[in-house]
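S.K.: Taken from Swiss-Prot, the feature phosphoserine applies to S95, supported by similarity to another entry. The annotation N6-acetyllysine is assigned in Swiss-Prot to K506 on the grounds of similarity to another entry. The domain 'RAP' annotation in Swiss-Prot covers 695-755.
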Amino acid sequence: MSAALKLLEPLKYKAPCNPAYRAAQSVAHWHMGNITPHGGQTLPECNSSCHLARKVKNVGGTTLPRRTFTASSAHLGLEFNKASTLNASTLHPDSSSAGGGEEDVEVFDSFEGTRVFLKLRPEYQLHSYNRSDTHQPIAASEVELILHKVTFYQNKLQPEVITNYFYKLSSLPAEQNSVLLSSNSFALLCQLSVKNIQLFNTSDLISILKAFVDLRIPPSLSMLDVYETRFCHQVWEMTLDQLLLVADLWRNLGRRVPRFFKIFFSYLNLHWRELSLSQLIHLIYIIGENRQVPQDLMQRLESLILKYVDSVNLEEVGTICLGFFKSSSSLSEFVMRKIGDLACANMQHLSSHTLVHILKMFRFTHVDHIHFMKQFGEIAPQRIPSLGVQGVMHLTLACSALRILDERVMNAVAASLPPRVAHCRSKDVAKILWSFGTLNYKPPNTEEFYSSLINEIHRKMPEFNQYPEHLLTCLIGLAFSEYFPVEFINVALSPGFVKLAQERSKFELTKELFTLDGTVAIECPDYKGNRLNSHLQQETSANLWNLASKDMRSKPEFLETLYLLETMLGGPQYIKHHMILPHTRSSDLEVQLDANMKPMPFNSEATPTEDGAQLRFKQVGVSLTDDLMNQLLKGKAKRYFQGQIELETGQPPMELRKKTTVPLVNSGCNGTDRLGDGMVGLCPLAHMQPPLVKLAIQFTNKNQYCYGSRALLGLHNMKRRQLVQIGYRVVELPHWEWLPLLKRTRLEKLAYLHEKVFTSAL
């Protein structure tokens with residue numbers, strides 16, 4: 001409450017108002033029609049300080065000669081120069097592209113395209129502003145008269161007159177705005193509005209702000225700071241419709257107003273229950289464009305979404321998703337499933353951009369609405385060719401984030417990209433390569449697809465200086481798919497780029513650099529280019545091990561697995577939990593077997609020492625005989641293991657077991673074991689033979705596979721590929737087998753682990 005009350009205190013601000021200045025040449029020379037000099041002679045050329053530009057016609061058929069003025073209009077930051085007016089016009093793209101065909105597909109008006117929902121309910125007109133609404137164009141003679149009055153009367157102008165002048169001038173045809181903004185008289189009008197700003201009521205302020213939008217006032221002008229401050233004072237005296245309208249006008253103007261929104265959000269914390277459906281949707285849109293919002297407010301708005309969810313249309317559903325996504329605000333799984341259900345009911349009528357917005361939110365919340373994704377897979381291949389590459393990127397990225405491999409979608413993406421790859425940003429190239437690599441999928445046109453994207457990386461190299469994370473994403477995505485463009489790798493691992501990535505990117509990229517470096521070391525033995533320095537390698541490896549170790553040891557199922565393996569093999573010295581390949585960011589359980597396929601006590605970290613000389617190991621392993629295995633593998637368990645073993649080896653389990661049953665005794669160490677009763681033997685570590693087999697036991701979970709399948713994702717598939725390359729045999733304890741077995745008896749678990757370890761060793 002105290003935080004909210006602080007916002008009620010008046011904000012201190014200064015409205016710098018210089019005395020009204022004389023402007024002998026301040027009035028623009030507004031001329032009517034086709035006026036020519038006496039005698040029909042053409043006008044002589046003006047000098048560089050005041051030249052006639054080409055004439056442009058207004059709607060009424062009159063023309064205004066465009067002039068530039070020598071007098072300064074820098075009061076209050078009113079630098080209405082050519083560059084600023086051009087920039088202002090780009091912030092309000094309201095003209096369609098003259099191009100056609102492929103170009104039209106890539107042209108998306110991100111401003112108007114996200115405001116379609118405002119046209120679908122009449123209620124939105126109460127709290128939004130539509131610049132396309134037509135005004136009766138003002139005559140050039142009236143413009144000239146207004147500007148003359150501004151110059152002549154100056155300080156005698158009343159606030160309501162100033163407001164009226166702005167309103168009338170805002171009806172000027174858009175193509176003549178730059179002429180008006182170049183006028184010293186208009187600069188004087190703006191100065192007078194600032195000087196009298198405390199005399200304007202809320203309606204006046206809103207009217208002037210509308211005029212600023214219509215006239216495309218450059219959003220960077222310092223004059224607008226004064227207006228933001230004044231609106232901050234007015235927040236608690238305004239209605240919800242007025243507040244939303246003001247916020248929408250700032251959005252139309254293209255200016256960020258963080259102070260206004262801070263107070264506006266405080267107001268909403270007290271009045272959020274009063275929001276109507278149209279107000280709620282419009283507010284979520286505005287929040288998304290603002291990018292920042294208190295999360296407690298978003299939680300309140302989520303409850304209102306549930307209240308209105310059955311009344312929203314499809315475009316409003318897309319607006320909800322985009323607003324929450326842009327503001328990095330999550331929605332509950334329940335709400336996301338409701339949204340998915342709404343979309344599924346009308347999937348064919350869903351616009352492509354709304355589809356993209358919904359997928360963004362599914363990606364952000366990691367909600368797997370399978371029915372939605374199935375329907376998406378049916379319509380996406382037809383939509384993708386007519387969707388811009390940025391939209392295609394978001395569709396592809398959503399599939400990879402949700403681990404859903406739909407070959408129809410991926411093939412459509414791969415087929416559509418090569419002809420228009422030049423339209424990709426560096427971000428698009430990176431995310432698409434990452435997505436295909438993550439899903440471990442190679443489309444039918446693999447060669448064309450990858451060669452076009454790799455060539456585009458070359459063309460985008462200057463962009464990577466600004467966005468180094470995108471180059472690393474490209475290269476790691478390519479590595480998942482076994483592509484290693486050494487030219488780019490050499491750049492990415494160069495000292496200069498490493499420094500750039502660590503200093504200039506907003507992301508922590510050390511892990512990405514480490515992953516790329518470790519991958520190159522294994523998979524590119526002939527590579528002679530740049531590598532990370534040893535200090536950075538060791539530091540990153542230690543950090544990753546701390547994270548991986550903490551994560552795995554927080555999982556009870558992993559701890560039980562580790563304990564059972566230690567029991568089966570003979571103690572902690574026979575198994576080691578560590579990161580065999582630190583750059584792959586996950587840990588392993590390593591077991592080493594000698595020439596007789598018996599475990600070796602190689603883990604010195606878990607071995608007690610006596611006087612630093614000999615290492616003594618206690619054999620506490622379990623001898624698994626055929627009789628014991630028969631007792632364990634009865635009923636359902638027996639059928640399960642028998643089916644799995646026959647499937648994987650093609651041999652009946654009893655025949656295989658005769659080959660693989662290994663009594664854990666006499667492996668160079670004397671001693672005999674009983675179940676739970678062992679004797680101690682001496683095994684000097686220095687006399688141990690090199691291991692014949694090194695096993696990397698993988699404790700997996702569902703997030704390492706494509707959804708609903710047993711196909712590994714890119715990083716985990718790459719890790720196994722590299723483990724094999726450095727001489728390990730991978731033993732997988734798949735979650736679909738091992739996790740259900742954890743509920744069974746201890747002996748059944750030991751039997752399963754014995755089969756896995758020693759069958760893999762063959």
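Note that Cβ sites are derived from N, Cα and C of the backbone, with glycine treated the same way.
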S.K.: Do any residues at least six apart in sequence from K506 (N6-acetyllysine), in the same chain, have a Cβ closer than 8 Å to its Cβ, and if so which, in order?
M.R.: none
S.K.: Which whole-number mean pLDDT does the model give the domain 'RAP' (695-755)?
M.R.: 92
S.K.: Please count the residues of the domain 'RAP' (695-755) that DSSP assigns to helix (H, G, I), strand (E, B) and coil.
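M.R.: The counts are 32 helix, 13 strand, 16 coil.
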